[in-house]
Structures are given as structure tokens and as C-alpha cells.
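One structure is given below, encoded as C-alpha cells.
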Amino acid sequence: MPALWLGCCLCFSLLLPAARATSRREVCDCNGKSRQCIFDRELHRQTGNGFRCLNCNDNTDGIHCEKCKNGFYRHRERDRCLPCNCNSKGSLSARCDNSGRCSCKPGVTGARCDRCLPGFHMLTDAGCTQDQRLLDSKCDCDPAGIAGPCDAGRCVCKPAVTGERCDRCRSGYYNLDGGNPEGCTQCFCYGHSASCRSSAEYSVHKITSTFHQDVDGWKAVQRNGSPAKLQWSQRHQDVFSSAQRLDPVYFVAPAKFLGNQQVSYGQSLSFDYRVDRGGRHPSAHDVILEGAGLRITAPLMPLGKTLPCGLTKTYTFRLNEHPSNNWSPQLSYFEYRRLLRNLTALRIRATYGEYSTGYIDNVTLISARPVSGAPAPWVEQCICPVGYKGQFCQDCASGYKRDSARLGPFGTCIPCNCQGGGACDPDTGDCYSGDENPDIECADCPIGFYNDPHDPRSCKPCPCHNGFSCSVMPETEEVVCNNCPPGVTGARCELCADGYFGDPFGEHGPVRPCQPCQCNNNVDPSASGNCDRLTGRCLKCIHNTAGIYCDQCKAGYFGDPLAPNPADKCRACNCNPMGSEPVGCRSDGTCVCKPGFGGPNCEHGAFSCPACYNQVKIQMDQFMQQLQRMEALISKAQGGDGVVPDTELEGRMQQAEQALQDILRDAQISEGASRSLGLQLAKVRSQENSYQSRLDDLKMTVERVRALGSQYQNRVRDTHRLITQMQLSLAESEASLGNTNIPASDHYVGPNGFKSLAQEATRLAESHVESASNMEQLTRETEDYSKQALSLVRKALHEGVGSGSGSPDGAVVQGLVEKLEKTKSLAQQLTREATQAEIEADRSYQHSLRLLDSVSRLQGVSDQSFQVEEAKRIKQKADSLSSLVTRHMDEFKRTQKNLGNWKEEAQQLLQNGKSGREKSDQLLSRANLAKSRAQEALSMGNATFYEVESILKNLREFDLQVDNRKAEAEEAMKRLSYISQKVSDASDKTQQAERALGSAAADAQRAKNGAGEALEISSEIEQEIGSLNLEANVTADGALAMEKGLASLKSEMREVEGELERKELEFDTNMDAVQMVITEAQKVDTRAKNAGVTIQDTLNTLDGLLHLMDQPLSVDEEGLVLLEQKLSRAKTQINSQLRPMMSELEERARQQRGHLHLLETSIDGILADVKNLENIRDNLPPGCYNTQALEQQ
């Protein structure tokens, strides 16, 4: 068998040095950033996975392309890596953090380290240089308070800062902050005080939503308030919403961002946001804050810019009224503080236009809370005037009330108006202690009714369900129900409390009383929002559970989700990802295996293999037979059973070596074939790119032809327009000539009229010639471009078919054919227009001839007055124009015919190209199939090898774990007798102590009663007896507390005694200690009795003294002396006897408490040991500890 393993390892090691990535990500995991990797033996030895990715894309780097290159960053793990663009002079390195912020040199600031801090200048390779004017000892300014460099030795302070160094806030301001444009923050104090300072009781608190588990209470609404769909991305852990219409959708913040956010004034609200598709122009209403009847909005970016598409960016908004923060409308200081005190809505725009999608993440609101931590100096501590109290002067002091309850803490406090100057309620003004307000008489309303604040003499019924009582809020005069039943909350008792669900008023259907959520103990009871208050659907399942009631295991887990022990609930399937289906596992934990895999976790390859693996199997069987024969020979030689000829052994070794060389040669041939195939594929891609570029050139040529055709159309239209104008001119001339009265020869005035007519005819003839020339030029250009386009098509198709590689883009060629059809149609249209132009020109020519004939028939016209030669020349031009148009028409017809031939030739070439493409596609698919099969066989071999190694490693680790568990169990078993002894001793001591202290508690109670009687008798020694009473109370309370603690310990120890009854015989060893405790308890009892006797004597003495005091007439001087002596003896007796006894009782009680604490600590240790034993017992494997060997040699 060792030889068999050696052969398998050799075979796989020869195939492992180079491997290309396959579809099995478990073998070559490059996070989708690379398609190639190699095997690294050293990496496999260190991490268990030896595949290292090559040529990572998207600016990534690392073994699995899991990180960005140096100088790049990304917000999330799956995002693209973006360049840091750090300024080379101002940054320490080219690296940046996950937000793209670079590490700057001294004196440099900015996200890219591209500018100097205030007080610095001249950015160089060493950073920025500090302004020497600020370093001058005469100009020692506080950087947080200056508005710029000092001027002539004097610091220039910000508006709210004062002092020679600009290091103090002006009166009415506090918290000097360099990031505040004003320098300091104005005191708020609800307008009641202008004196304040930074509070030292508050620390920084961030209210965040990171969406790690769900939408965290966020919602999405339309602009009109109707709900929209909000989705949570488990992969990116953010939320997003999409729009199907132009109306925008808004993200709506949950309650934790609302309410009284007064301590967030001047701080920031930030979030990560990106938008995909749609319009990306910011609006003035991108971020909306509402509260206290006020509403302000702000854009995400300046309105002239555009939001980046598909790029996550952090947006930050400062919560104050400064104009630089772009809130609109601009509120006053107190209006902004009033809005934050009662913030009712925070909305952030999600979509921009139709089919737009917006994503939001990492929403953070900087706030503060009164706990220890990083200080929050922006929270104020007001110094209140008379009549006010509280940190912010928000309450009225005792003896004062609000002049207007509607204004709440903004209202002025005025003195109470009660009879006798009594105190009153600071909010309502109602007088206390029977003092009535003389101006107002309030009716005494029964339960279920309340006083109308506008008419205190009348009662109105409470708007509460089932007649619960109610009250009126003084600030808002809102009627709020009190004493809602368990599980019900709300101003009208209309909502179910947290942890309950139902519909008590039936607002969403039938009435359903509130009842506890049924989540099967699979939620965190300390968390809020575990279930939907209306439907009861569980929202925060834990222990790997899921479902409406957390009664199912999550995908990829199995077990009993209803088990009482969390460890027995849902556990991971632990399926081999390479051999199992992605559906998870069955209810018993067994995995659903892919074909060819088996085992509980699909970690073993099945015996049946695909048919394509038969040749590999046959070859491996032959190798196995040869290895078995070699193993038999070696065994004989080692056993001495016979002498094996060296020649036979050498022959077998040579055969094995030859077989291994054949395997190596086959692997190298396969690698060479794969490399050759890769080169061929690269050549095909290169030729395809070249062909694509030629097709692009052809597209451009066709576009130029179409542009020239458009120009030709324009020129034809111009020619048509000129012909129309010429016809109109000729018609006007004819009409004028027809209306002309030709006089006799003796009345002839001159040749000027006919001369002008001849000139007009000449001008029209010249325009016809020019139009015909333009048509001829355009036709020639169109023909040239058509020939060029046809030549390009022939050349591209010829090269594509002749190369036999790549597949021509059929859609592009078909588009070119369509464009040729359009060109042909255009040429036909031009032909028709040219024909029409020829007809119009001929008509004009005939009309001109008729005019000329009319002129020649005129009588009495002298040849000299009418230039006959000029008319003949015009006629010749018209004839030449007609012939020119005829010639152009012939050329157009020839071009049309040629276009038809070219079309047929192009279609034939296209058909040839398609057939060639089909052949090349077939060859390419066969090559890809062969390549994929080879890679799959290689990957399967690699996977099998590593599976065997993993199994061997797990078996060795399991063997070690079994040995460790066994040793722990044996050690724990040895400690059982010692633990049992400790538990028995503790039980005995606890019982004896309990019995001993029982009488001490009763005696202490009697002492307390006696001290109380003594207090009532004598007023002169009231202070001493009072202290005695206080001490007795403390002693009694301690005794009672110890008694209760002993009772609880007794109940716990009874459970232990039931399991350890066999140890009762060993209790005798501790009787001495018990006897000592009893003796001390008896001493305590005796002293307590003595204390009782002493107290009784003291009481008798005090009775006598009081008796004497009640009879002053019968007391003489001797009686007074006797009275003083008795009083002195009573005091001495109390100080010398009673007080030491009480001190001793207190000391005994303290010692008993110490003994009880030691007992509790010992019992806790014993219980911890018992719990540890139970864990060891649960973790021990069932059955026999001595397992058989995995292999028999």
C-alpha cells in the first residue's frame, strides 16, 4: 500500500506545476479577478491551498486577487479598485485607506494631501512650511481661534473669539473649536441664560446604521408619502430602492435618528450613497429635516454638478445654520435648535428619474450621552438665573411655574401664585399642600375622564380603549392614555409594545389583542424589534435559525431549531463545496452529492466515472499492477524468502521509470497542445479585432456616402427651386410681352426693351448650365464613393473568408447591405429628380424658343436694334444644356445598373463569409471542448490528491483529539472524590451556621424593640437612643438579609445533597468546627440576653426619672441631686455596657457575613467544576475509546 500511495503522488505531482483556472472556484479561487493561476508547493504547505492567481484584473493583487494594488483602494470587498491619486509631494506614500484618504506629511491636509494647513505654505517634497509670522514670539496665536495669519504682531480672531492670543470665547459663547467658522458656539440654554461652559459629563456617541443584518428600521416612500419597496443586499450589506417612474423615492430614517437630537447641534450627519442609471442632477430637496413645524432641505452636491454614476461616495452635512452648510431656508440659531429638539423626519433622496436605483450605507449621526468616554465638548452646561434649573435651564425652580405651558422649556418661569406662598407644579401651575389657586377652579374628574385645558371646570371622556385613565400633556395639550394593559402601548393604547404583536383597535383588519411574539427562544430577549408588531413575524432570528417564527434552520444548516439547548440547535452542514450540490444538506446533515461523489459530506469520489475517463482508468490499472508486482518483489527480498535476481528488479524499475517518463511526456504534450491552442485562440481574437476595425471603416465610408447623398439631395432641391423661379420669370415675361402694344416703325423708340429681355434669357440659360455642372460633379462624387465602399466590402469579406479564423459580425455586414440598399434607393430618387429637372429645363427651353419666335415675327423691328447674334448664342447654350442633362441621365442609369451588380456580388460574398464562419465556429467549439475536458481531468486529479491529504490530516488530528479528551476525562474522574468532599463540607457548615444564627436574629429583633421603647421615654437622651436604634436596625437588616441568603443557599444545597447522600458518613470529621460555631453562637445569645437585661434596667431607671419629672412640687434639692445621679448612672450604663454589646453584635454579624461569602465562593467553584465535568462528558465520543487501526499493513 505505501508503494501505491507513492505512485499516485508521483502521477499527480507531475501534472500540478501549471494549471489554468476552471469553473471550480474551490481549486483556483481568484475572486472573479483572474482566469489563470499556478500551483505553489510552498504556499500549499503553509495554507493548505497551493493555487496562486496570475494576471489579476481591476487593479487587484494578492494570492487570490483579494486586495488592491499599491496606490489603489475600494470601499467594499467586491467593488472595483480605484486610484488613490495621492499627491507625490504631500503624501507619505502612494497608499490610502478604504475611503480614499491619503497619509499626509507634516503641515499638509486634504483627502489627496494636495494643500497646506492654515498657517503653512509652500508645498514641497518635505511637506508644507509653517508661516514664520505665526512662529514669532510676539504673535503666539491659538490656531483654533484665528481667522488668518497675524497682522503686525496682532492675532486676527474669529467672530466669536477674543483675547490677545484668540484663545477665549466671547461672552455668551463656549467650546473653542478650530473646525467652527465662528470659532465658538453660542450658548443655547433655551434662551434663559447667556452664560455656559462645556459639560464634562457627556461623551461622544454615534448613532449608526450599517445594515449588517437587515434594513435596521429604514423605509422607502414616494414623494407623496406612499410606501415604496426597500431591499437589503446581503452581499454588500446595504439597502437600496428603485424607481419605475419619474417621481423620486426617499429613504426614511428610523426612530433612533429622531426625537430630541439637541446634543447633535454643530455635529455631522454622514452616509455612503451611490446612484445607478437615471438622471443624476442633484436637487434642492435631496436631504430633508423636519420638526417643530419647521422644514429645511439641502442638495447632495452643488446644483451645477452631476452625481457620479455607480460610484459610492461619502456625503457629510453639518447640523447648524451657517450659510456654508447650504440648508434652505436659512433658519435662525434658536429655530435650528428648536427643530433638532423635536426632529420628526429625516429623509434622503434615493432615486433620480425613471428606472433609477439608489444605494445607501454607513449612516452616522454624531451625538453625545451622559456616560464616561471620549469627551463631547460641544454639549453645554448652563449657569441658570433665579427661577430656573437643569443642565440647559430647561426646568422651573421650586416656587416657579411656566407662564405658557405651550412653549415647554422655551417658556418663561414666573413665581407661583398660591395662598400662603406655597409651592406649585412647575408645568401646570397647580398648587400643592392644600393651597389652591384663587383664580382657577378645576373639576374633580372621575377615572376615565380628564379636565379640559380650555375649560378646567368641565370633564371630558378619555379617548382610550376599555375606559383607561388619561392625562393631558402640558406642552402640547395632547391627551395620553395611562395604565395600558400589559403588552399595549401608544398614546391611545392602540399599539402593541415591543415583543408583542396584534391589532388592539382593528385598524388593519379584525381586532386582535396583543400577545407575546412566538419566536421559539431564538431571538435575543435584550434586543428591541425582535418581531413585527402587527403580524408577529420574527425579524432577528439567532442560533442560525430562520422562518416566520424562527422555527427553521437557515440555508446551509441543519438540526433541531426548537431544541432547548442552543448548542443542539442548527449546525453548519459542512458539505464539501466541490462535491456537493449548492442546495445545502438534508435534515439529518447528510449532503446532496454531485454525480461522481459520495460520502456523508460528498468528500469521496464515487467508483463510477464518466465514459471519457475510461482510457485514464485503464492506464492507471496497468500502473497499479506493475506497482503491485514491484511491491511483491520488494517484500520477498526483505523477508528473505528467496533471492530476487537483480536483473529482474532492474528491469522492473526501468519499466516503472519508462512509464513515468511516458506520463511526463504525455503531460508535456498536453501542455504544448494547450499552449498552441491558446496561441491559435489569441490569433483568432486578433484577426477578429482586425476584421472588426475594417468593418468600422466600412461603416464610416457608408456614412460618408450617405452624407454626400444628402448633399446631392440638397443641391437637387436648389436646382428645382431655380427652375421654378425661371419658369415664373418666363411666365411674367410672356405675359408682359403679350400685353405689349408694338407701335409702327415710325413710332419705334429704341431697342432697349428687347435687349433687356435677351439679357434675362441669357441669365436663365447660364443658371441652367451651372445647375447641370453641379449635378454632374455630385454624380461623379457619388459614383466614386460607391466604388470605394464596394471595394472595402470585397476586401473585408475576402480576408475574413480566406483566413478561416474568427467569425465575421453578421449583424454588421447585414447592416452594411441595408445601407447599400438605402444608397441605391437614394440614387434612384436622384435619377427621378434629375429627369424631372431635365423636363423642366426642356420646357423652359421651348418656352424661350416661343418667345424668340414671337420676337422674330414682330414687324418694324430693326436687326440692328435686336442683337440676333446674342439670341443665337443663348440658343446654343440651351442646346448644350439639354445635351448635358441627357448625358448625365445616361451616367445615372449606368450607375444604377452597376449598383445592382455590386449588390448581388456583395450578397454572394456575404454568403461565403457566413459559411466560412460556421466552419470556423465548429472548429473552435471542438478545440474548446477538448481543452475543457483536459482541464477538467487535470483539476479532478488535483482535487483527488488534496482530498486524500486532507482526509489523512483530519484522521491524525482526530486521533490526537481523542487522546486529549481521554486524558481530560481521566483527570476529571480523579477530581470527583475531592469535589464531593468539598461539597459535603460546605453543606454541613452551612446548616450549622444557619441553626446558630437563627437565635441571633431573634435576639437582635428584641434588642431593636427595646431600643425603640427607650426612644419614646426620654427626650433628653433622644440623640443617644436614636443612634442605638439605628445600629439595631442595621444589625437586624443584616441578619434578615443573611437569613434570606441562607434560605436560597439551603434550597440549592438540597439538590446537591440528593446526589451526594453516600457522603454523609464523612461529615463527622467537621464536628469540632461545628461545635465551635455553636459555642460562639451561644456566647452571642448570652450577650444578647445580658443586653436585654441592661436595656430593661435602663428603662426602669428612665421610668423613675420620668415619674420624678411629672411631680416637680414634691422634689427638693436632695431629690434633684438624686435625679442627676440616676441620670448620670443611666448614661454611664448605656455607654459602658449597652454600646459595647451592640458593637460586638455588629462585629459578629460582619464575621458571619464573611463566612457566608467564603461559602458562596467555594460553592461557585464547585458548581463550575461540575459544569466542566458535564461538558467533558458531553464531548466524549460514544462507544469504546480504543478504536481500531485505519489500515492493516
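Backbone N, Cα and C define each Cβ position, glycine as well.
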Of the candidates Cys155, Cys157, the one sharing a disulfide with Cys141 in Swiss-Prot: Cys155
Checking Asn224, Asn1033 against Swiss-Prot, the one recorded as N-linked glycosylation site is Asn1033
Disulfide partner of Cys517 per Swiss-Prot, picked from Cys514, Cys531, is Cys531
Candidates are Cys519, Cys553. Which one does Swiss-Prot pair with Cys538 through a disulfide bond? Cys519
Name the residue from Cys541, Cys570, Cys573 that Swiss-Prot records as disulfide-bonded to Cys553. Cys570
Here the disulfide-bonded residues are Cys68, Cys150, Cys470, Cys550, Cys585, and the Cα closest to that of Cys104 (disulfide bond) is found at Cys68
Taking only the residues in the domain 'Laminin IV type A' (213-381), give me the average pLDDT of this model. 91
What is the total of other Cβ atoms whose distance to the Cβ of Asn342 (N-linked glycosylation site) is within 10 Å? 19
Out of Cys68, Cys462, Cys573, Cys585, Cys591, point to the one nearest Cys166 (disulfide bond) in space (Cα versus Cα); all of them are disulfide-bonded residues in the record. Cys68
Including all protein chains shown, what's the count of other C-beta atoms within 10 A of the C-beta of Cys585 (disulfide bond)? 24
Under DSSP, is Cys150 (disulfide bond) helix, strand or coil? strand
Among all the protein chains here, how many other CB atoms are within 10 A of the CB of Cys541 (disulfide bond)? 25
Name, in the order they occur in the sequence, the residues of the same chain whose CB lies under 8 A from the CB of Cys575 (disulfide bond) and which sit 6 or more residues away. Gly584, Cys585, Cys591, Val592, Asn601, Cys602
Fewest neighbouring Cβ atoms within 10 Å among the disulfide-bonded residues Cys139, Cys493, Cys531 goes to Cys139
